[in-house]
Structure formats: structure tokens, C-alpha cells
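The structure appears right after this line, and notes come after that.
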Amino acid sequence: MKQLTILGSTGSVGTSTLAVVRENPDRFAIKALVAGRNVAVMAQQCIEFRPAYAAMADEGAARELRILLAENGIATEVMAGEQAACELAALDDVDQVTAAIVGAAGLLPTLAAIRAGKQVLLANKESLVTCGRLFMDAVQQSKTQLLPLDSEHNAIFQSLPESIQRQLGYSSLESHGVSRIVLTGSGGPFRTTPLEQFTAMTPDQACAHPNWSMGRKISVDSATMMNKGLEYIEARWLFNASAEQMEVILHPQSVIHSMVRYTDGSVLAQLGTPDMRTPIAHAMAYPQRVNSGVEALDFCRIGSLTFAEPERERYPCLYLAIEAFDAGQAATTALNAANEVAVAAFLQEQIRFTDIAAVNQKVVERLSLQEPSCIDAVLEIDRQAREVAVGLVKSLHN
């Protein structure tokens, strides 16, 4: 039986991971849960799964959780803070760590799991978008097995030879007969919206994703295709891919989650119902398979699968991300930080939908930054980029 620590247990990926555990109680047990400040959900999770440890982001939330668990007779030891999260990610008797804390808060706990040699199920985008080289070097040094949880990266992983799966980030695609990785994206809710209407698009319209159920921030990222841009950056690191070995295409049905082209003309693809439990179950049980609880794909109901090329004028954020990777880690870090500020401002109706790309581009252009050599340097770039982005948002809002 695998012992699990889940970093970010109350979020979308965390709750989906626990749903897979619920389907397979004879294969997985929860050793530790880590979350932010959602005490109510964490209490329910502790009552159901009885972890030995739980950690909250701060002492106030931890105190509330202790009271709730004591009232229910649950003996889980409750901790608080980033150091506690790092300790629970590196526990001796933990086999697998799900890294699903969103944002910079997930960097150090994820790195702690890698350095402890755990099998790491990676959902934290920032680990690779802002710290790709640092993280992949740590993976190689610790001989950790990294398993991607994003549906697209998991699809690519499943479509690659086992020899690459076992040496993620350091194998040569070319020497294994791989010619290109094809990253698919739905194109979001504005795929067919006339461009002249973009300035009038509202947060609610941007968050109405046609296929996936997601949080508001990532829904906006889907509408701008910044999410695909960030996934492109992650894929370059995860699969040691050059720009020439990457391809991004629109696939509105979200059934093919990504593909791999081989030199002999073959294309391997992973298909499935759009549900995060599928890639999570695959990674949790790898190299075996377990029940995820997901409904089987009905090909007759789908009818047809279509593809198109993403237009630059419709999806400028996608191309900003592609160009940022070639500019370096400082640029991808700055872009990610700027985008978080811009999307938050759009969701609060402080700027227009089209301003998101404008803010992102100006931040990357204005900052003159050195390549980061440690996480502190990454966090400083992140801070500077946010500062500039906030100033730009204010100038647009006034």
C-alpha cells in the first residue's frame, strides 16, 4: 500500500486525488494533508481519511482545525506554516507526494519532496515555469521519479517510450524516434467570438469553459490561452524538448489531451473524458492501472474531432509564453507573475479582457533581469514583476 502526502488537498487537484484514493482504499493510504486556510474542507478530509498529520498555511487556521478535529475525536497532529509543509513532504514513510499547492507557496514543499527522493506527482505549474532548471537539476540529483498530473503533460507522458518516462527531462527525444510533441487546447470560450468584441468580454463569459470544470483564474487563462503557454513552458522542461520539437494546436472537443509524433510517421495520442481523475489515477498507480471512477469515453456521442491552428491576434498570451521560454527563466517568471496580477484585475473588473495580454507584454519588456540561480532570486523577480504589473493595472483602471 502506498503512503501519500497531498500538498494542496483542499483544491481541485487535491480533492480529485482523494476521490481516486476513495475508489482504491486497498492501494492508497493518506499519511499527511497540507492546505491553505480552508479549515472546513480540511476537517472533513481528516475525518474521512484519518491522516497522521495535517498542516495549514498559518497558526490561526491550524488552531481552528485542532478544535474541529478534537470535537470529532480525530487524533491527527495539526501543524502550521511552510516549514511544516516541507517536513510532511519529506516524511520517511511517505512513498508519493502530490504537489498541488497553487503558486509560489508550492515551490519549497515540492522541492523538499524532490530532495527527499519521493515519487512526485506534479501539478504545481510554478515549479517549472519559474524554476525549471533548478527543479530538473534537483530531480536528476535525487533520482526522483517525476509524474505529471496536468492532463496534457500526462497524455504526452503516456504517449512516450518507457525509457523516456523513466528519465524525464534528460532523455533525447530524437534518439528515441520522437519528432514532435503536440500540445492540444480547446481554445476556450472565445474561440469563435469576433475579435472586435473582445474588449467587451466579461469575467463571467471568460469563465464559462466549454469542456472543463475549473477555477476562475485558470478559466481566464484558458480564454487567453495563457494556460497553454504555461503548459508549453512546462513541456519544454519536462520532456527536454526544443522549440522545433513542440507544436500547439486547437482541439475544441478536449478529447485528445495531447499527442506525440514519431519519425516513422506514427502519431500516438491519449484520449479520455475531460476529468482530472484520469491523469491523477494514472500517475498514482504508475506503471499499473486502477479505477479512477471516470465515465468511459463514448465515441459515438462525440461524433467528430476537429483541429485548427491558434491565431496570434486571438491568443497573444500563448505566443508571449512561447517567446518568454527562449528569453530565459527570468522572462517566464516575470510573465507568470504579471499574468496573475492582470487576471486578478480583470476578474475584479478593473481592466478589460484585452488588457491582460497588454500588461503581460509590457512587464516582460520593461524588466531587465538576470537569470535566477536560486529560489530566492526567482521570488525577487516575481516580486518586481508584480510591482510593475500593479502599476500598469492602476494606470489602465484610472
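The backbone N, Cα and C atoms fix where each Cβ goes, glycine too.
Per Swiss-Prot, NADPH binding site is recorded for T10, G11, S12, V13, G36, R37, N38, N124, E126, G215. Other C-beta atoms found within 10 angstroms of the C-beta of E126 (NADPH binding site) number 25, with every protein chain shown included.
The 1-deoxy-D-xylulose 5-phosphate binding site feature in Swiss-Prot is assigned to K125, S151, E152, S186, H209, S222, N227, K228, E231. E152 (1-deoxy-D-xylulose 5-phosphate binding site) falls within a helical segment according to DSSP.
According to DSSP, E231 (1-deoxy-D-xylulose 5-phosphate binding site) sits within a helical segment. Per Swiss-Prot, Mn(2+) binding site is recorded for D150, E152, E231.
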Problem - Cα distance (Å, whole number) from E152 (1-deoxy-D-xylulose 5-phosphate binding site) to E126 (NADPH binding site) - result: 16
Exercise for the section: Give the three-state DSSP assignment (helix, strand or coil) for G36 (NADPH binding site). Expected result: coil
Practice task
Go through T10, S12, N38, N227, our binding-site residues, and report the one whose Cβ sees the most other Cβ atoms within 10 Å.
Solution key: N227
Completion exercise
Taking only the CA atoms, the spacing between S12 (NADPH binding site) and D150 (Mn(2+) binding site), expressed in whole angstrom, is 12
Exercise for the section: Calculate the distance in Å between the alpha carbons (Cα) of G36 (NADPH binding site) and D150 (Mn(2+) binding site), and round it to a whole number. Expected result: 21
